[in-house]
Amino acid sequence: MSPAVPSSSGRSTPTAVLRSTGNEDVESIALMTRVHNASPSTVDLSRQSTRVDEAEGQQPRSHHKFQPSYSSGHLPHTPPPHSEYYDPYAPYAPPPENQWQAPRVFVERAVDRWTRDGKPNVGVLQSLKAIALSSTLNIFLVFLPLSWVAHFLVKANEEKEGAEVHPWEMGLVFALSFLAIMPLARLFEYVGQQLIFYLGPRSGEFLIITLNNVVEVTLSLILLSKCELKLLQSVLIGVVVLHLLLIPGASFITGGARVGHQELHTHSDEMGHTLLAIGVLSLLLPAAFFSSMTHGDNITSPPPMAINDASRGMLLQISHGMAILLVIVYIGFLIYSRKPHATDPEDHVIWSGEPEINQYIGIITLAVTISLMAVTAEWLVSSVKFLEEEGHINQEFFGLMLLPLISFSADGFVTVIYYARYACRHLFGEPLPPAVIAQAQAIDLSIQFLLFWIPFIELCAWMSGKPLLLLFDIFEVSLIVSACFVVNYVTADAKTNWAEGLSMVVFYFMIGLISWFYKGQMAVTQLLSCGTVAAAVEGGGTAHH
């Protein structure tokens, strides 16, 4: 794995390096021979951990198998076994003698990494300065108090007797809240990148992916609490389609405009294709079951009779069971990625560099940012229903396109800035260096959202007594299946280019065009009512408590 290219902003970002042991490991061969009952000529020193003190100028080192004909320039083609014990904070530590020692060793090394044992920590003022200067989007934080003020003014106007709320007032609340969430989403990404230094590459990458889904999950939970279940379903599908088409497509266009093709990271390949396909097809199964139940030849009663509380109860049982099974799949993936096989080529790759913020300041920043974002998202969601009714905009368009775009607004702004910088440098003869590594992290976000967050929201609805189903209408299922097909086809050869990125973006706008006119499937809407299905059928729509 090649070292990561430093960011154009000059900030310190984690860089992958290889570490190699020297001849000093020969003294530990006798111990390793007794532990593994092997000869000195074939003993594996990969579990011998080394520690690099960058302050003393020592060179990075990577593991190898000790051989009599060892050459310092030789690196093995495959990483050594048992490399899950490898850690730079455990110098020359022998491997655990039995499996019961492994958890203790893991905890000890995790604590050493978190506390940066033996290394200076970042000060509080330095951390706050780094956070403040982390992105130009922080300027948009001025919209945070403005959105709150606008919300409370509109609320006070609603409480006045005989007062009427105008659409432009709720539109102002929506716009200000939308702009206020942009810098908060960017802070999630920055703090997550900095916490990699304290958590390690695998746990840090999982944290970054999770934080990038926080905005969408918060919106979903707010919609769940308000029992806007059909809008919630549209948002869930819209988020996945956005992360599969628009975000990676824009990234491929931005990064591949001046190179023949870009290489995708290995984590976007075979395993990602499998998980993505499982997540998407799991949403197809309930739709196929419901379609056969309402239109099959073996149904004894007329199709309208299938839309009742009994059928919804059956579909709820199916949804709850599938949610649990999807979580099991994701947990298995996490275990596999945390303890990979011995032949995993990234087992002995670690991160180097120095963090810009203190780990505790990072945790506090995340807590404060999540709290502010949750409240601001509440104001945004409260204005959506009013705009939907007064602006005569389809609920499907709000859910599939508009609300999911909140998570892309920050990245979209950065993309516009990138093109502006590129145009200026091109005019003045100082072009930016092209990127050869494509950024496809959004696909990983979709995988986590499909396999964990959608089942998690389903289980939250189960515990709160909300009749949320994993039954999506046929149009939404078609969207997510087609998006999965496009992404898997584009990334099949682990290469991409700007033309493929353009195709993905155009296909996303095709979906948006059709969503503008789509009204939704009435049968699914009635099954998602928070009241009885019979009341929803009689009312021709959704019944609430």
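Any Cβ shown, glycine's included, is placed from N, Cα and C.
Per TrEMBL, the features are as follows:
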| type | residues | note |
| --- | --- | --- |
| COMPBIAS | 1-23 | compositional bias 'Polar residues' |
| COMPBIAS | 36-49 | compositional bias 'Polar residues' |
| DOMAIN | 172-337 | domain 'Sodium/calcium exchanger membrane region' |
| DOMAIN | 362-516 | domain 'Sodium/calcium exchanger membrane region' |
| REGION | 1-90 | region 'Disordered' |
| TRANSMEM | 130-153 | transmembrane segment |
| TRANSMEM | 165-185 | transmembrane segment |
| TRANSMEM | 206-225 | transmembrane segment |
| TRANSMEM | 231-253 | transmembrane segment |
| TRANSMEM | 274-294 | transmembrane segment |
| TRANSMEM | 314-336 | transmembrane segment |
| TRANSMEM | 357-377 | transmembrane segment |
| TRANSMEM | 397-420 | transmembrane segment |
| TRANSMEM | 432-456 | transmembrane segment |
| TRANSMEM | 468-491 | transmembrane segment |
| TRANSMEM | 498-518 | transmembrane segment |
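The transmembrane segment (498-518) and the transmembrane segment (130-153) are not in contact, since fewer than 3 Cβ pairs between them lie under 8 Å (pairs 6 or more apart in sequence). Of the Cβ pairs linking the transmembrane segment (130-153) with the transmembrane segment (468-491) and spaced 6 or more residues apart, fewer than 3 are under 8 Å, so the two regions do not touch. Beyond the transmembrane segment (165-185), the same-chain residues lying 6 or more positions past its ends with a Cβ under 8 Å from any Cβ of the stretch are 135, 137-141, 143-144, 146-147, 150-151, 153-154, 157-158, 212, 214-215, 369, 372-373, 376-377, 379-380, 382-384, 386-387, 390-391, 406-407, 409-410, 413. For the transmembrane segment (274-294), the neighbouring stretch richest in Cβ pairs under 8 Å, chosen from 206-225, 231-253, 357-377, 468-491, is 468-491.
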